[in-house]
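All remarks here apply to the structure that follows.
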Amino acid sequence: MFTSPQPFRGEFLYQGRRRNLLKICICHPCTLTSKVYTPITTSKHAAQHQSHFATSEGQPPVMDRFGTLTQLCIAVALLGGVCHCWEAYIREPVYAVRGSCVLVPCSTVSYSDVKWYAYRRASYPVVYSSDRSEIMDQFKGRTSVPNTYNGDCTLKIDNVRQQDGEEDLYVWVWKYFGEDKGFYDRTIKINILDPVRPQMFVANTQVEGKPFTATCRFRHSCPSAPPQMYWQGLSPTSNELTHTKDAQGLWVTEATATFKVTRQNQGTRLNCWIALNGLESGSIWLDILYAPMDVKVDYTGSTTVVEGNEISLRCTSNSRPTPTHYEWLVTQNSNTIRHTGNTILLRDVRRRTSVSCIATNSVGHGESKQISLDVHYAPMDVKVDYTGSTTVVEGNEISLRCTSNSRPTPTHYEWLVTQNSNTIRHTGNTILLRDVRRRTSVSCIATNSVGHGESKQISLDVHYAPMDVKVDYTGSTTVVEGNEISLRCTSDSRPTPTHYEWLVTQNNTARHYKVLTLVLRDVRRDTSVSCIANNSVGHGESKQLSLNVHYSPSIMPGLFCSTQNRKLECVCQAEANPSAVISWTVDGSKAVFPPFNTTTQHNGSVTVSELTGPQGYNVTCRATNSVGTEFTQILVQSEGDTSAVFVVVGASAGVCVIVGLAVTVLVIWKKRRRAVPPGGLSTAQHVTDNKTCYVYNLESDEDLYVNAVHGEQVYEDQDAESCIYQNYEGS
């Protein structure tokens with residue numbers, strides 16, 4: 001912590017050691033370069049310091065006791081050619097505006113501490129110190145050294161007062177390592193100026209909807225914190241500040257604001273105000289120019305006209321300046337005619353005549369609303385209106401009113417109410433219909449002294465519970481088994497149903513859903529669907545719909561082939577949707593007519609085919625539809641032969657064949673210990689899904705029966721579910 005300055009510290013202060021005095025002579029700031037023989041004792045303040053020191057310490061003047069050393073200092077300085085000095089530079093003059101802040105520019109060498117003093121003959125009043133308790137009351141809380149870096153010792157005084165200009169200020173600087181110097185011989189006095197009212201300028205004319213600018217200019221002495229400035233009367237859309245320095249070193253701030261005005265701002269007082277002693281600029285009263293507004297068509301006489309007569313009209317508006325041009329648009333029977341002038345006289349006025357006018361001044365133009373002239377004519381635009389709710393629940397009541405556009409007002413009204421093809425007539429401007437039913441329509445006729453007019457027939461918005469509920473398809477009406485289908489529930493209702501319920505029955509299992517559109521996945525045959533539609537009135541249910549599920553053919557039990565008297569007779573039946581087409585192959589060739597004859601019968605999803613023809617031994621029944629194919633192959637034996645019928649069921653996975661010797665087959669099936677299947681000619685067994693089949697590459701159907709000659713016992717020992725004689729062929 002640095003103490004207050006002592007008299008002549010570092011100049012002629014006696015330190016008690018000769019080498020210290022020599023160091024002070026050489027290193028302390030001095031003026032030897034310009035006045036070699038004169039140490040800094042010319043200031044009256046320095047003289048005061050010296051006398052004060054001699055009196056207070058009771059010692060003789062230093063120059064008298066150490067004159068020889070002083071001369072030695074001078075000699076050393078001359079030999080060195082220059083004295084290594086340091087200074088504090090203060091730019092002057094300094095001007096300040098009362099109430100603003102001011103900066104006293106000061107620069108010196110890098111330092112560790114700095115203080116500012118007010119010059120006094122007998123004391124050292126502190127203007128600024130890092131220890132605020134030392135600062136004199138006049139400056140307490142108002143002084144600072146904002147930037148202590150790089151030797152900047154500038155003093156800032158806030159809220160400058162008039163008496164601040166009466167003080168002579170000087171700076172005292174402490175270098176690092178304890179060396180210091182007070183520049184009391186270089187005092188500066190601040191010139192205090194009175195604040196000046198801000199000046200305001202308006203750049204252009206004020207036009208409604210267009211921006212205009214105003215500038216507020218004021219002077220201050222505080223560039224780091226210029227006084228706050230405010231606009232009074234209008235709020236600017238933007239406000240840009242610029243700061244420049246004038247010849248006196250004061251700062252001039254210009255605030256350029258942009259405003260937008262409307263006609264409501266007409267006559268507003270605009271000025272600017274600065275937070276510097278509460279000064280405000282002169283004011284201007286806004287004179288806003290605007291295009292014509294509130295343009296209206298007024299009547300110069302009667303406001304009504306009988307059709308075929310004449311009427312006089314005038315165009316009025318609110319504008320600044322007054323309009324210089326008027327234009328009229330008169331629309332009559334869809335024809336528009338233009339007129340000019342502030343007033344017009346329309347002759348032979350007809351119904352459906354509308355008029356508007358346009359007023360124009362130097363700023364712009366404004367247009368009136370289009371008004372329909374009050375022409376007396378028979379009722380037009382006759383309508384049925386609702387006096388309350390526009391909807392009615394079936395069975396409740398509703399109130400209706402007949403309205404029209406006519407001059408004069410209708411004196412008579414007649415209603416035609418049609419319900420269930422029966423029309424009933426009523427009279428009066430309003431009617432109350434009770435027990436309203438759907439499909440009710442209403443119209444009314446209005447009559448005045450000129451004529452009559454009739455409304456359109458409107459259908460009442462009758463709310464009722466859903467009816468005619470149906471299950472509709474969103475896409476295809478069919479679905480392949482295992483695929484998905486999309487269904488939608490439709491109905492006739494008011495209002496539209498708010499939610500739906502579905503009942504899906506499949507294989508005697510019922511499931512429920514609550515969606516508008518139902519997507520069923522993995523659909524199976526024998527699936528039926530129904531839906532329930534609900535609205536705010538009630539609900540309705542559809543009939544149960546059986547889905548049209550397509551599936552590939554499945555050859556049914558009961559098929560057989562036999563030969564008698566060298567004549568072949570076979571029967572094959574298959575279930576499929578759509579119905580299967582059954583074809584036959586005998587001994588590897590298609591059975592066609594002649595010599596074969598085929599008879600087919602359809603019974604719902606079942607197709608029965610009978611084949612007759614010459615004797616054959618290897619017969620294949622093939623059932624096909626758009627979904628897939630299945631075939632069964634049968635060995636045919638003459639009547640009385642006890643050989644079993646072997647069946648091969650075809651599938652899309654290919655042909656499963658086991659080729660081996662009859663003995664091998666017999667051993668395998670004995671190990672499986674399965675029962676011997678019935679040996680009748682009318683039985684065909686199918687492979688279960690979990691059997692393992694081996695696929696062989698066969699050249700023809702006959703290859704399946706290469707080993708069929710091993711005898712009756714071999715056939716009896718074969719499992720009826722063996723995949724040797726089965727083949728499935730899919731789509």
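Backbone N, Cα and C define each Cβ position, glycine as well.
Residues or ranges marked as domain 'Ig-like' in TrEMBL: 292-372, 379-459, 466-546, 553-632. Summarising the annotation, TrEMBL assigns transmembrane segment to 644-669.
Counting residues per DSSP class in helix, strand and coil order gives 0 helix, 51 strand, 30 coil for the domain 'Ig-like' (466-546). With DSSP states grouped into helix (H, G, I), strand (E, B) and coil, the domain 'Ig-like' (292-372) comes out at 0 helix, 52 strand, 29 coil. Helix, strand and coil counts under DSSP for the domain 'Ig-like' (379-459) come to 0 helix, 52 strand, 29 coil. Confidence annotation: the domain 'Ig-like' (553-632) carries a mean pLDDT of 92 in the model. Remark: secondary structure over the domain 'Ig-like' (553-632) totals 0 helix, 54 strand, 26 coil, with classes taken from DSSP.
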